[in-house]
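A.B. asks: The structure under discussion is supplied below as structure tokens; questions concerning it will follow.
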Amino acid sequence: MRRLPLLEVSQLKMHFDAGKKRTVKAVDGVTFQIREGETFGLVGESGCGKSTLGRVLMRLYQPTEGSVTYRGTNLHALSEKEQFAFNRKLQMIFQDPYASLNPRMTVREIILEPMEIHNLYNTHKARLLVVDELLEAVGLHPDFGSRYPHEFSGGQRQRIGIARALSLNPEFIVADEPISALDVSVQAQVVNLLKRLQKEKGLTFLFIAHDLSMVKHISDRIGVMYLGHMMEITESGTLYREPLHPYTKALLSSIPIPDPELEDKRERILLKGELPSPVNPPSGCVFRTRCPEAMPECGESRPQLQEIEPGRFVACHLYRNAETKEKVR
């Protein structure tokens, strides 16, 4: 059974003034949906706009154009009072577990603060009990509540950040590269923790990352971003088994394979040049300057994200005949 959309993004743009009449097009016309109860993975190289997109969804930025609707409500057209109420439903886990926690507050105070701001639960004692429950839920002993952030490892700090995000009983969480600053062994622990919490609490996640090998294990569907544009969206298993967009293929070919023989035999797709500047993106398809399959028409018109089969979207002139699902070459 196909789940209903919880959050819908339509033609979203987030441009920044760079001075001297220049504009940084961090997000440039992105459209997608996140279904209730799923984890939507968002991947791409550093600088592609994925973290900016996550911050727009959290209303940390006011979009230049487009809309973000949550259960049919436009998040960027809310009054101040309505925004305050919505803050309980939408929370964020930040990338840097070292910078996102106040060093002057104890762990208990960090987790307690959102509940006090929103006046949750009847008494201070009841809130303290919830703090202990949250610490246990993320794998930390309640006694750790009296300690300060500098006393913990990176993985433990990220667990504290997760507990803080859960303190308001949210429905939707933006996890902005929550494992990128952690050791590989700790990354797996945090991913497994998020999967367990999602199952127990019915959470919906936007999981932002640049490491496709880890995104595979947590995401139901994945969107691939490049230079502010969505290149491909499909089910996680389908993306890894049969990627369509040349950029997706290149990203997947960079994931190392543990078997040395298979690693030596497989074809690697090396992208030409550097990521273009979002101040001056290429005309037509923004990926054409690095694409191994670029055609003349790629510089003439920008391919639109189109559904070439149920639940599968790609923005590439190679698949312009959506009705027959045929590749041009």
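Backbone N, Cα and C define each Cβ position, glycine as well.
Okay, so Swiss-Prot annotates it like this:
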- 7-252: domain 'ABC transporter' (DOMAIN)
- Gly44, Glu45, Ser46, Gly47, Cys48, Gly49, Lys50, Ser51: ATP binding site (BINDING)
A.B. asks: Looking only at Gly44, Gly47, Gly49, the binding-site residues on record, which one has the least crowded Cβ, with the fewest other Cβ atoms within 10 Å?
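C.D. replies: Lowest Cβ count within 10 Å among the binding-site residues (Gly44, Gly47, Gly49) is Gly47.
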A.B. asks: Measure the Cβ-based neighbour count of Glu45 (ATP binding site), defined as the other Cβ atoms within 10 Å of its Cβ.
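C.D. replies: Taking all protein chains shown, Glu45 (ATP binding site) has 16 Cβ neighbours within 10 Å.
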A.B. asks: Return the residues near Cys48 (ATP binding site), defined as same-chain residues 6+ apart in sequence whose C-beta is under 8 angstroms from its C-beta, sorted by sequence, else 'none'.
C.D. replies: Met225, Tyr226, Leu227, Gly228, Leu275
A.B. asks: For Ser51 (ATP binding site), which residues in the same chain are close in space, meaning a Cβ under 8 Å from its Cβ, but six or more apart along the sequence?
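C.D. replies: Non-local contacts for Ser51 (ATP binding site): Gln95, Asp176, Glu177, Ile208.
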A.B. asks: So, in DSSP terms, is Glu45 (ATP binding site) helix, strand, or coil?
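C.D. replies: Reduced to three states, the DSSP call for Glu45 (ATP binding site) is coil.
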A.B. asks: Excluding Gly44, Glu45, Ser46, Gly47, Cys48, Gly49, Lys50, Ser51, please set out which residues of the same chain place their CB within 8 Å of the center of the CB atoms of the ATP site, keeping sequence order.
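C.D. replies: Here the non-site neighbours turn out to be His210, Met225, Tyr226.
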A.B. asks: Per DSSP, Lys50 (ATP binding site) is which: helix, strand or coil?
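C.D. replies: Reduced to three states, the DSSP call for Lys50 (ATP binding site) is helix.
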A.B. asks: Report the member of Ser46, Lys50 (the binding-site residues) whose C-beta atom has the most other C-beta atoms within 10 angstroms.
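C.D. replies: Result for the most crowded candidate: Lys50.
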A.B. asks: Find the average pLDDT over the domain 'ABC transporter' (7-252) in the predicted model and report it.
C.D. replies: 94
